[in-house]
């Protein structure tokens, strides 16, 4: 009652009382009799309080079309990231915006496909489109396909069961580009191939970078399949495969042995040496992969594989029978001859009917080369059965001894080169004898009218690979170079031969593609 009296006095009538615009005094007086005063009064004052405090907000709500649509303006306006995060903590529904932020930032953190610490220029140029692909929901399919470049091999295995890989003869495999691929390359590991000689095991001999092993050749107008050792050995079952020529063909022979040996069981593969011939035996397939030493193809005073470093080289330009008797019955013959011609501009040729090497004449190199190739092609045409034997001629393997040509005037031969020449347009003047190149190409295409000869052009693609040579990570006189010798690349760097795994693997992949894309011979 005391409280009621105070309230009544505070709101009482009379001229000195408080102005009562809503007539609350009469309402209180009438309700006092019914005993419901506290509830009624509380309700009235609550309504008054709401109207006074939120009147402006209520009017703005009735006028704001966004509010009528039930959408919060903060969801449309994109503020600074820090403000976004602050609102998200106060208002939980804002977490949707936070997820969108994470999705937009994802490519900056996720795309870690390049495995090397130093990406190549080609990779760097390709990184931007890869990042953009991850931003779009549909693009993960594209990024997943990138590492699976050898997919055509899977498709061609089925086709190969019928004898074909499906790569057309019209596709020029010599034109293309080197693509960095550390997913599917190298095709084998140096330490996994027991048949490599110390001349080509660059990593074992002290080379620190292995980037040279991870470049895939991509032809311009078609694709080559990945090398399938078991598929290839099935084609070679019961057959002989032979490389004939100089040390570059021996380099390629070692590569081929390492490519195929994985298809055989331990103890079912071994190598034998027989005079000028080295033979890899694949016991389970009753097949051999061989190398025959004949640096000029015809007979010469350099035919001893153990003592052939002769300063004055002399050839019998029209004598090939002594060598060729070892080529009879071979199912695949791969020839080459070049590097041994390059120490002089003129070539010494034994005179017809001469009885000793002293009886010789000097002939311009290109003329002697054409004469030897004509002798060789005539033998092929007269002695090879095209229904049984396939014949190939490998083009020139280039040297890299002039670093100023590729923009490294301070370099020493091919030493310390770790990258191919990328995005290079036009010829590279490395000293390659293009007259000899064209002579070999023309003879291969025209001289043997009865037997097809496939000229395998590996010259231009190999000219880009200044990084692939053994350099100072090789042997000299049967021994690995000492640290002192390795520190003198001007004297000891070998810029002729190639590290394995490496460039010759691609040469063999071209051979594999051509062979497996043709019908199997008898």
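Each residue, glycine too, has its Cβ placed from N, Cα and C.
Feature annotation from Swiss-Prot assigns topological domain 'Cytoplasmic' to 1-37.
What Swiss-Prot lists as transmembrane segment is 38-58, and the listing cites sequence analysis.
Note on the topological domain 'Lumenal' (59-522): its mean pLDDT in the predicted model is 83. Taken from Swiss-Prot, the feature topological domain 'Lumenal' covers 59-522, and the record attributes it to a curator's inference.
As annotated by Swiss-Prot, region 'Disordered' applies to 111-157.
According to Swiss-Prot, the compositional bias 'Basic and acidic residues' annotation covers 124-134.
In the structure as shown, the Cβ atom of residue 182 (N-linked glycosylation site) sits within 10 Å of 19 other Cβ atoms. Among the features that Swiss-Prot reports, N-linked glycosylation site is placed at 182 (among others).
What Swiss-Prot lists as active site, nucleophile is 247. Around the Cβ of residue 247 (active site, nucleophile), 20 further Cβ atoms fall within 10 Å across all displayed protein chains.
Annotation comment: Swiss-Prot describes 286 (among others) as N-linked glycosylation site. According to its DSSP assignment, residue 286 (N-linked glycosylation site) is coil.
Annotation comment: Swiss-Prot describes 442 (among others) as N-linked glycosylation site. Neighbour density for residue 442 (N-linked glycosylation site): within 10 A of its CB lie 13 other CB atoms from the protein chains shown.
Here residue 494 (active site, proton donor) comes close to 469, 470, 471, 472, 474: these same-chain residues lie at least six apart in sequence, with C-beta atoms under 8 angstroms from its C-beta. Under the heading active site, proton donor, Swiss-Prot lists 494.
Here the candidates are the glycosylation sites 182, 286, 442. The one whose C-alpha lies nearest to that of residue 247 (active site, nucleophile) is 442. Rounded to a whole value, the Cα-Cα separation of residue 286 (N-linked glycosylation site) and residue 442 (N-linked glycosylation site) is 36 Å.
A gap of 37 Å separates the Cα atoms of residue 182 (N-linked glycosylation site) and residue 442 (N-linked glycosylation site).
When secondary structure is read from DSSP and collapsed to three states, residue 494 (active site, proton donor) falls in the strand class.
All protein chains included, residue 286 (N-linked glycosylation site) registers 11 other Cβ atoms within 10 Å of its own Cβ.
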